[in-house]
Amino acid sequence: MTTHKTNEEISEKPKDSFLDKPNLKGDWLNFYFLILLYTFQGTTSGLSYAFPIILQNTKFVTYNDQAILSFVLWPFSFKLLWAPIVDALYLRWIGRRKSWYIPIQLLIGILFLIFADNIDNWLPVSGKPNLNMIVCVLFLINFLAATQDIVVDSWALSLLKKNNVSYSSTCNSTGIAFGLYIGSVCPILLSSEYFCNKYLRFTPDEGGILTIRSFLLFWGIVFLFKERNSEFKEDDDQIKIDIIQSYKMLWNIFKIKHMKLLLMAILTSMIGLCTSESVTNLKLIDAGVSKDDIMVITTAMFILKMCLPIFVTKYTTGPKPISLYLKMMPIRYRKRTF
């Protein structure tokens, strides 16, 4: 005797859930799309890691100037303050995420073009650079990039199937690392006459393959005219909440005991590493190491950063995704101390 399930019984079964085993079959396009979004985001932020080395190499910048330049990355530390606004306000006919993503991408492209048009004056071949203007433009770019990060992180929750949401961290790590490499290492190496003649050219020539200006101009055009990917789904079916409700929800999350512990760990984890990671390259330049050699070494590290998330995903997608982080951080501190 055979039994047949009714349509109601079939429809009640969820298509996917957080409890199902992750499987990217049918989700690969969304997976690669997320990596692309994070790559663009990392490219914009990469300039903030390239300019300290570029400026230090000019010998006209002090460590006090470098400290001022480090403020350009602060928007990523405080983006939680305006995240509820980004989540609550949007135009339904455009989409919850695209209402923010598209105009932000256009503004970033415009800032890149403005930066490209003035970079030769703000960063002369000889003479003190215009640090104030460089800091202002980079701060605005990072403010937009941090807001874009809020959008993409939220978009990932609806773009991937529920059982594949854990892969969003892999997309983040791989895409951001690749973007940071493009934005920080490529403009330095590809504008270097020494590097291009030694590794990329068959016959030596003057100057690099590109200049900082042409790099900024290229990416400004890319950000302005790239495909808007309107075919990718949005999450407009979610319940709409206002800004006050959004901030209340955020505050309720902060009051969770385990969230307090996590926030404390995140806020204090980098205290023992920030000095060595931010000053090491600058000290190497002062010691006579060329910025090209530093970037070649950095390239190897970026390759590791891009590939490692793919192999450790199976250890970070289970019920205890932070366990690997907690085990590795003491080792990282010990190595830095050594």
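Including glycine, each Cβ sits where the backbone N, Cα and C put it.
Annotated features in TrEMBL:
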type     : residues : note
TRANSMEM : 31-55    : transmembrane segment
TRANSMEM : 67-91    : transmembrane segment
TRANSMEM : 100-119  : transmembrane segment
TRANSMEM : 131-152  : transmembrane segment
TRANSMEM : 173-195  : transmembrane segment
TRANSMEM : 207-225  : transmembrane segment
TRANSMEM : 261-282  : transmembrane segment
TRANSMEM : 294-312  : transmembrane segment
For the transmembrane segment (131-152), which stretch among 67-91, 100-119, 294-312 has the most Cβ pairs under 8 A?
67-91
Based on Cβ pairs under 8 Å, which of the stretches 31-55, 100-119, 173-195, 207-225, 294-312 lies most in contact with the transmembrane segment (67-91)?
31-55
Would you kindly list the residues that approach the transmembrane segment (207-225) from elsewhere in its chain, counting only those six or more residues past its ends and only Cβ-Cβ distances under 8 Å?
40, 43-44, 54, 105-106, 108-113, 115-116, 119-120, 123, 186-187, 189-193, 195-196, 200
